[in-house]
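To start, the structure under review is shown below, and the notes come after it.
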């Protein structure tokens, strides 16, 4: 039914509000992403948000509202479970967090590795041109959807690695995307360094007074000019 009477498909107010909400949400994710911890999949996150914003805008402009709403629905079906899992992880409720993560994994694999390619991609590649030629933006639209599917496969591999670690150790480990980045940033926060190698700890001497002037010397013995 996604292609029935296309492009003469009316836009209902509820669908308009949903599109506007989803577009604003992904734009906010893209804007705030540089201020978050830089994880290993930073480039993939940027690519995903950009592709999603372009797909939402294009599907709205080309009146591909039915298929666009299905794509949004499949993505939203798993995302809220991941956010709930993060919330319980921050509150140290490990058992609830582990259960939600396993539930999220099942929903993610089913919606993005089964339903998305067999239903969404199939209908956009084949059923959309069954009774007529390619619609406006056919190749552009399907290329963006194929990029989304590649990103789904990438994140599925990361989720499988976390599940394998969970099976081995009996509890959920930290986000595998954050091993290198978060450890490096935390080391910088715990052991800040001056250019000459001296530690700049929280108990630094005050900037005023005789003790401060006496301590304000470089390694070679010269006093800092005032």
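Placement of Cβ uses the backbone N, Cα and C atoms for every residue, glycine included.
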Matching range for TrEMBL feature annotation, transmembrane segment, among 61-85, 136-160, 161-185: 136-160
Model confidence over the domain 'TLC' (1-168), averaged pLDDT: 91
